[in-house]
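Annotated features, as they stand in TrEMBL:
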- B:125-417: domain 'NADH:quinone oxidoreductase/Mrp antiporter transmembrane' (DOMAIN)
- B:12-30: transmembrane segment (TRANSMEM)
- B:37-54: transmembrane segment (TRANSMEM)
- B:74-93: transmembrane segment (TRANSMEM)
- B:105-121: transmembrane segment (TRANSMEM)
- B:127-146: transmembrane segment (TRANSMEM)
- B:201-226: transmembrane segment (TRANSMEM)
- B:238-257: transmembrane segment (TRANSMEM)
- B:269-288: transmembrane segment (TRANSMEM)
- B:297-319: transmembrane segment (TRANSMEM)
- B:325-348: transmembrane segment (TRANSMEM)
- B:404-424: transmembrane segment (TRANSMEM)
- B:444-468: transmembrane segment (TRANSMEM)
């Protein structure tokens, strides 16, 4: 199929419109029945998966970087929006965004599925928020106009805020869910506004150069910057994305948001929202500011190590199972950051695979936490124990994903971490060695989790319902996906190779002048 | 610009139309009192004025006092539209009012007329005339629920402080007049620049006094003390009009005046005003954090907003002028909408408006329409994209970046981040369950429909201009193309 035809260009706005319209439909469907919104949500996200897979099957993915070095897209969509400022509705899809959208679709389906029993209040409004959030995320992965990107970047926050604040859990004696939601919002919005100023400054510099207002990625890529300008702008962008990733020490919102969020919110946060930060670094920071990023790389890598070790250490002392999983995210995202700033194709591919695997594995762990909470009404590890006998299928699933999280060979996370470390070693051997210690800590916290929750004497004598058919199906799908990623990652690596190689080249040698 | 009387009359058509409307409304009230007919007449007057203002016409100087150009015309259309929306809100608010209801519309028309004169003024005399027409009508509107203490207290506070501000403004103009012999804005800047020595110092003192007067009217810190009390006491739709139109028109007049008396000549003054802007952002946001009263919260938030709005005034440049107009338009919608939501829940028959945070608990389940208007308004004030509020902030930041005013940009960012906290608090409380209060409260009445129409048109404007801002952006740059 010829992917440049006008008809297929409309696929991109369609990808954003499906969850958006689905959300509205789900809200209205609530009046008919409480089941309708769930099905509408499920089908909308399944449609995203189907569309993404269809595009993957039909697009001719370039095996190598195009020689001319300009950005190239599998599908591109462009329409005028605010000509006063040179802002257009410019969307573009390459292998990287395609994979991220596929991940969003898969986790979207799971988010709807895992709330089937948990969410009983305001069901329609819940699905409206969930789907609009996912629409915003898909927009972030597609936008190539910096203004449009920023709009999506901020627009996905509001629904997430409502998800946490309205359907979250307030821990006993602890912080309320509204507190956690507000903290999340303020952290990301403040960093976002800083990024907005940097975007405006970049656009203004471009205007100085060319006399044209433009927010277009393809244009701004070639803006000549002095060393100081580039460094300052890079830093503002980096902070904007680092809060989302999250990079130590900008992570404090994450454990709170995760522990108070409903299961679907946690899956969405860990699986998809954190990835927007990494995506932003890959898509915008490295290409727009390659020289400054090179200079900044050692600092970023040190932050990555700090995150890996700090996240793992804090995971070890948590008594709340969801906070534990949340801190492991900080640790895993440290590896992603390390891979991104190592900057060669191998490390970048590793970072992308790790993003996918972490999305799937951590999403699964959060779903398992949510299921446990539905059964035990607690997230305290001290009040668990003995689950291996009381709910054997559940215990198997938890064991599997804990092992995935520690990086067991054969599962997706191992491929990601291995590639990141292999790619980083030639660049920064000592830092890589230090980062590898995170793998040891990962084994410790994963086994700690398994031991506290599954083994030992049971906390009480109540019978526990084992996994239901719906839950088993979700877990099985995730296990298969992780196994596939772990045993046969080549299609994924091929899909992202060209865009990542290009980003790597820009990062190493600067963007060639047109 | 020597134009024929004919052309002058055509140019002044919006003002003449308003004046005629005021007389007609007054005569009708004298003849027979009919709440609905008066409200309809008022709406008709505003709509006609809005249409006439939007008809293209050459820039014309009507007497040396008024300059009716695209800029004035555009602002007049905005004021008339805001007036029409306020009429609908007042209609709902006064539906069960115990006493005469019709004079409120007369006062509203007068206030809007004053604001329009302000927008067209290019002379100190017309500026003061417009300002006083606006303010004096507003005293009456604030004190309209005569039986209660709070509106009266608010009106007296506003009366005294506003008179003090006008006096300061007058003294400033007098200083400048004494030194340069000019009251028209046009040649003012050059005349002040030509001065030297003590004369120059006195003229600069005059400029500073004028700024103090404007700062009072715009409730910039440290001249903001009246704001929270007045907004709290005034009837909600009046508070909305006061916040949106009165302050907006002053800001617009200030922009016109500023063209003439460029700040660049007086770095000390510019420096002081930057401090004022930062102080307003800080005090507005920090003050709003501590409020449990919704109207006081909105009052403090408006202080912060005018802190943001001062930023483009200070940095100057072509983007900055657009930023001011865009911000005023966006702010008008957001403020009218927020106070409109409060008005929809209140009525003049009660002692107090529904202004406690607790009144808003569970509102989404009780009055879904009000919440679906109020929450977008709050998010817009917080600067969330897909609303016009985000674009307003975008313009302000763009203006600051263009002139390298990094500290001011940083102040806007920090202020916005703090602001999120109280906007979100007020937004989320409307979704939280209220014990025993989750039933839908449906009151289908003509008054409720009028309020709903006003609220829905505001939210459509808010989201519409947020998603497709090109028409508004183009209109703003067209309005500014002619002047300066």
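For all residues, glycine too, the Cβ spot is worked out from N, Cα and C.
Note that TrEMBL annotation is computational and uncurated.
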Within-chain partners of the transmembrane segment (B:201-226) [C-beta distance under 8 Å, separation at least 6 from its ends]: 131, 157-158, 161-162, 164-166, 168-176, 178-180, 192, 195, 246-247, 250-251, 254, 257, 261, 266, 268-269, 272-273, 276-277, 279-280, 282-284, 302-303, 306-307, 309-310
Positions whose Cβ lies under 8 angstroms from the transmembrane segment (B:37-54), at least six residues beyond its ends: 13-14, 17-18, 21, 24-25, 28-29, 73-74, 76-77, 80-81, 83-84, 87-88, 90-91, 101-102, 105, 108-109, 112, 116, 450
Same-chain residue ranges lying at least 6 outside the transmembrane segment (B:325-348) that approach it to Cβ under 8 Å: 71, 74-75, 78, 82, 85-86, 89-90, 92-98, 144-145, 235-237, 239-241, 243-245, 248, 251-252, 255, 294-295, 298, 302, 305, 308-309, 312, 354-355, 359, 363, 367, 370-371, 373-374, 376-378, 380-381, 388-389, 391-392, 395-396, 448, 451-452, 454-455, 458-459, 461-462, 465, 472-473, 476, 479-480
Seg_contact(the transmembrane segment (B:12-30), the transmembrane segment (B:404-424)) with at least 3 CB pairs under 8 angstroms, min sep 6: no
Range from B:74-93, B:105-121, B:238-257, B:297-319, B:444-468 with most C-beta pairs under 8 A to the transmembrane segment (B:404-424): B:297-319
Per Cβ pairs under 8 Å, the stretch of B:74-93, B:238-257, B:297-319 packing most closely against the transmembrane segment (B:444-468): B:74-93
Residue numbers, six or more beyond the limits of the transmembrane segment (B:238-257), whose CB comes under 8 Å of its CB atoms: 71, 75, 78-79, 82-83, 86, 89-90, 108, 111-112, 114-116, 118-119, 121-122, 127, 130-131, 134-135, 138, 141-142, 144, 185, 210, 214, 217-219, 230-231, 295, 298-299, 302, 306, 309, 313, 321, 324-325, 328, 331-332, 335-336, 338-340, 342-343, 483
